[in-house]
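**Q** Below you will find the structure I want to go over with you.
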């Protein structure tokens, strides 16, 4: 994280200061003119001041004769656009730095993961014993509830829950054993 902050600060210091003469990419007047009579639609970009951002100053050469210029210009939509490419570049560098750091962290975790998840034989044996005890208690509970006195709705629901829990426990044990045999 400190490296990322350092890269961002150095990037901001190395970027040249904003100039009064911005390039045509940073400041522009964009006019979108739709089709008019036999003339197809067109987009015009021009580096002009904000007060001159209209069809008469931006659309060059004028595609219509003199008497249709006013009607053509009324159809055109002109917008003044200003952006800072320096800011955009800095944001992209920061974004790529964060993504790169996350990718490095992911690669580190993938390398370290086998060492962290190394199974301990003693812990695995205790886990198996706990599962066997749980399965035995579930089986005895299911046998006692599943008897002839399960007359009420509540007792039937509890019996169904116990049977379901027993089935889930058996399935877990089977899946765990299969997984153990495969690896």
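Positions of Cβ are set from backbone N, Cα and C atoms, glycine also.
The shown structure was predicted, so the numbers you read here are calculated from the model rather than taken from an experiment.
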**Q** Pick from 48-68, 69-89, 90-110, 111-131: which range does Swiss-Prot record as transmembrane segment?
**A** 90-110
**Q** Which whole-number value in Å describes the distance between the Cα atoms of residue 47 (N-linked glycosylation site) and residue 38 (N-linked glycosylation site)?
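**A** That separation, Cα to Cα, works out to 28 Å.
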**Q** Far apart in sequence but close in space: which same-chain residues, 6 or more away, have a Cβ under 8 Å from residue 38 (N-linked glycosylation site)?
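**A** None - residue 38 (N-linked glycosylation site) has no non-local Cβ neighbours under 8 Å at 6 or more residues apart.
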